[in-house]
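Listed features, source TrEMBL:
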- B:1-14: compositional bias 'Polar residues' (COMPBIAS)
- B:1-47: region 'Disordered' (REGION)
- B:34-76: domain 'Exosome complex component N-terminal' (DOMAIN)
- B:79-114: region 'Disordered' (REGION)
- B:88-103: compositional bias 'Basic and acidic residues' (COMPBIAS)
- B:152-193: domain 'Exosome complex component CSL4 C-terminal' (DOMAIN)
Amino acid sequence: MYLSDRRRILVPPLSRRLTYVDERPLSPSPASKKALSKLDSAHKIYLRTSLLPDATGSAYIEHQQSKILALVNGPRSQKGSFSPTAKLVVDVKFLPFSSDAHVLGIQQGGGYTTSLERTLADFIYASLVPSIRLGQYPKSGISVSIVVISGPPVWNGLVKQIGASCVTAASVAVVDAGIEVFDIVTACAVKFRMGAEEQTEIDLDERGFDQNCADYGNKMNIGESAGASQPQSIGRGVVSYMASRDEISGFWIDDESQERTVGEATSSMEGASLIQVLKIACDGAKEVRKLVNAVLSQVFHNCEDASVQAAKKIKIAE
Amino acid sequence: MSSSAGSTPVTSRPGTPARSKDNPSSASDLPTHAIPGQPLCSAREYAPGPGTYFDEHAVVGGGGAIVASVLGAVVVSKPTPSTAKSSLRKDDEKKAAAADPRPRVSVVRPTANGGGTMGAVPDVDDVVLVRVLRINPRMANVAILVVGENNSATDEYGGIIRAQDVRETEKDKVKMQDCFRPGDIIRAQVISLGDGTNYYLSTARNDLGVVFAISEASGAPMYPLDWRSMRCPVSGTIEQRKCARPTS
């Protein structure tokens, strides 16, 4: 063919990728019973898509105290240097008084991005990038904007809960936009005691820290001796997970202990306990994925019904 | 936005299966609709079409699986596509489709979705409709308006038709001002993704070229006389253009 792309070297037109097939059967990992019993109450989520007709795709999610809106625009033409894949841009905005972040001075009403927003955006970017088929959209840009309408107190280290809801909402919004993806990403926040990771559970705290810790703090203030409940080091994390591909795309974990005495030996995390944390979080993310699947199925059926009704109307008009 | 646009308050439903199992119409075991990430069928029986991709690690019967990448209805097309527009597609793709005996599985988005519509991104070998922005002796700068049958994104992609890509013969004698004028609507084919700013387009085919042009004399739309001239129905003047062969 004489019309060839002379600017770059392309593969031969009829080439196919060499593929290997793993014939071994996959052994499904059994979800732990204890975690599942809590999952039922853990995931009371409200999820809705296609809220804003102006955006290419949008999703709104409510979970615990988080109320998050995700918008997707694109793919749009992108000026600048050539890029064979789409560029993903994520930005996060906290509305004023959406959380307690204004107390910390890390959230302003103004136009510039704060460090907390940037950290969240980076995590969401990392979680989404492996899921989107960016190669399908050369020379284009896809922008994901996330608005945190309300959230749990960031002061007390509950930012992971916001992160989890943001990732789920963003991925659903990308699907709503019709952008091709490898899989939907869902995320789940977990908390655990440092040094005793078998007590890992899905993070459902509403006030941050642990209730015991807060009580302990109050007692200290009024001069009582520390009771039986010692403040324990608490870690919190969030894991982004692609359930169909069984792939973790994002992982963010922090030690969120309230106080630490100088010189105290900090408990470190063993590899086995980290795996335990990941497992619980992935199980949680799988449950979220079931909800997402149910919602998307419903969306599809509603769309089909709408198009059937529209066709009927046209027939009647004729 | 109506409430039918896809709102579903859902509380915990742990029993909901991740995959849909209803398949009333299709004879095979394909689901009627697919959610992104859902494995549809074995790659041994079907070939991946638009809205799907091949994943060698996913397991459905073995040999890798075809997985949905958009939300929509599952459509199976025959192994030899007999579409009338196949002449517009590149020859290599036709050959590949003909050589592949497997039926093609694709996932099609429902048309009545509540959100905005996504603009199409031009790709190599796509036939596009463009508007001429400006011309110079070496090339014409254009804006891509329509890709295939979809509108382009809201902000337009730029393109360039170089003088040597205007027609197939006598390439060195092409005079750009006798082929295109600013404001013309042209049917062209993408030959390269080009650089960061512009796609490279070509009109070197009988069915490619100017499809709509306004007369400089009267401002009326002109009709083509032959492959290189158009006539104004009002003033009767004849202007030079590289015309596309009219299609019914």
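Glycine residues also receive a Cβ, built from the backbone N, Cα and C atoms like all the rest.
TrEMBL labels come from automatic prediction, so no person has curated them.
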Residue distribution over DSSP helix, strand and coil in the domain 'Exosome complex component N-terminal' (B:34-76): 0 helix, 20 strand, 23 coil
PLDDT averaged over the residues of the domain 'Exosome complex component N-terminal' (B:34-76): 83
The domain 'Exosome complex component CSL4 C-terminal' (B:152-193): DSSP-derived helix, strand, coil residue counts: 9 helix, 15 strand, 18 coil
